[in-house]
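Colleague: One structure, as C-alpha cells, below. Some questions next.
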Amino acid sequence: MSSGGLLLLLGLLTLPAELTPISGQDRPIKPGLCPPRPQKPPCVKECKNDRSCPREQKCCRYGCIYECRDPIFVK
C-alpha cells in the first residue's frame, strides 16, 4: 500500500474520534436530547458533563450555561 493510501486509511479510522457531541464531552453519553434553552442568568455552570448529573439527566449546554436537565426523546 502506498504511503498516501495508508494516510487516507489512518485518517478515515480516526474520523469518528473527532466527532464528539457537545453535550457531555466525557463518556458515557446518556440517551435523549436536551430540551429547549431555559430562561436563566448568563453563564451558570451547574455541571461539567453527563456524569456530573443525577439519574438519567444530561449536562446540557446553552451558550455559556451548563445545567442538568431531563432528556427529551424524538421519534
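Note: Cβ is positioned from N, Cα and C throughout, glycine not excepted.
Because the structure is a prediction, the values reported are computed rather than measured.
Take a look at what Swiss-Prot says about it:
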DISULFID  C34-C60  disulfide bond
DISULFID  C43-C64  disulfide bond
DISULFID  C47-C59  disulfide bond
DISULFID  C53-C68  disulfide bond
DOMAIN    27-72  domain 'WAP'
SIGNAL    1-24  signal peptide
Colleague: Find the one among the disulfide-bonded residues C34, C47, C53 whose C-alpha lies closest to that of C64 (disulfide bond).
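Modeller: For C64 (disulfide bond), the closest Cα among C34, C47, C53 is found at C47.
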Colleague: Could you please provide the mean pLDDT value for the domain 'WAP' (27-72)?
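Modeller: Mean per-residue confidence for the domain 'WAP' (27-72): 88 out of 100.
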Colleague: For C43 (disulfide bond), name the DSSP secondary structure in the helix/strand/coil scheme.
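Modeller: C43 (disulfide bond) sits in coil per DSSP, no helix or strand.
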Colleague: Could you put numbers on the helix, strand and coil content of the domain 'WAP' (27-72), residue by residue per DSSP?
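Modeller: So the domain 'WAP' (27-72) is made up of 3 helix, 13 strand, 30 coil.
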Colleague: Other than its own, how many Cβ atoms are within 10 Å of the Cβ belonging to C59 (disulfide bond)?
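Modeller: So the number of other Cβ atoms within 10 Å of C59 (disulfide bond) is 24.
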Colleague: How many Å separate the Cα atoms of C34 (disulfide bond) and C43 (disulfide bond)?
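Modeller: Roughly 17 Å, rounded to the nearest whole number.
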Colleague: Among the disulfide-bonded residues C34, C53, whose Cβ has the fewest other Cβ atoms within 10 Å?
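Modeller: It is C34 that, of the disulfide-bonded residues C34, C53, has the fewest other Cβ atoms within 10 Å.
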